[in-house]
Amino acid sequence: MGKCRGLRTARKLRSHRRDHKWHDKQYKKAHLGTALKANPFGGASHAKGIVLEKVGVEAKQPNSAIRKCVRVQLIKNGKKITAFVPNDGCLNFIEENDEVLVAGFGRKGHAVGDIPGVRFKVVKVANVSLLALYKGKKERPRS
């Protein structure tokens, strides 16, 4: 049996389309609101947080490395997340209890590459860009 094709079937076609929209993954994610609730950022692109500890996350097979990450507690809602620290030696610019700005890490809420369970990356430390610190253009403010 196919779809209704006759005159006066607009209501049926419309209700059928409305019901079947919910089988589409993207539509369901956008309209249920549960994905937004589960997102630590609460729909925002960036969030500030306090560094709790530095952690090393082991890369997934077949790679063998310890990826440098930090545990961050977000200021806006108190949720704890793990954020990747990009570039070589940038973990040295970050200390515990620092305020960091964290952003998403690529794949729309999924982990990236060989780093399991890490969905965020550090962008700024103490209101100074991590990239500027890495390139030597700026220095960390003395506190």
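Placed from the backbone N, Cα and C atoms, the Cβ positions cover glycine too.
What Swiss-Prot annotates here:
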- 1-20: compositional bias 'Basic residues' (COMPBIAS)
- Lys37: SUMO2 cross-link (CROSSLNK)
- Lys54: N6-succinyllysine (MOD_RES)
- Pro62: 3-hydroxyproline (MOD_RES)
- Lys135: N6-acetyllysine (MOD_RES)
- 1-26: region 'Disordered' (REGION)
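Positions of Swiss-Prot features highlighted on the structure.
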residue: Lys37; record: SUMO2 cross-link; Cβ neighbours (10 Å): 9
residue: Lys54; record: N6-succinyllysine; Cβ neighbours (10 Å): 15
residue: Pro62; record: 3-hydroxyproline; Cβ neighbours (10 Å): 6
residue: Lys135; record: N6-acetyllysine; Cβ neighbours (10 Å): 10
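Separation of the C-alpha atoms of Pro62 (3-hydroxyproline) and Lys37 (SUMO2 cross-link): 34 Å, rounded to the nearest whole number.
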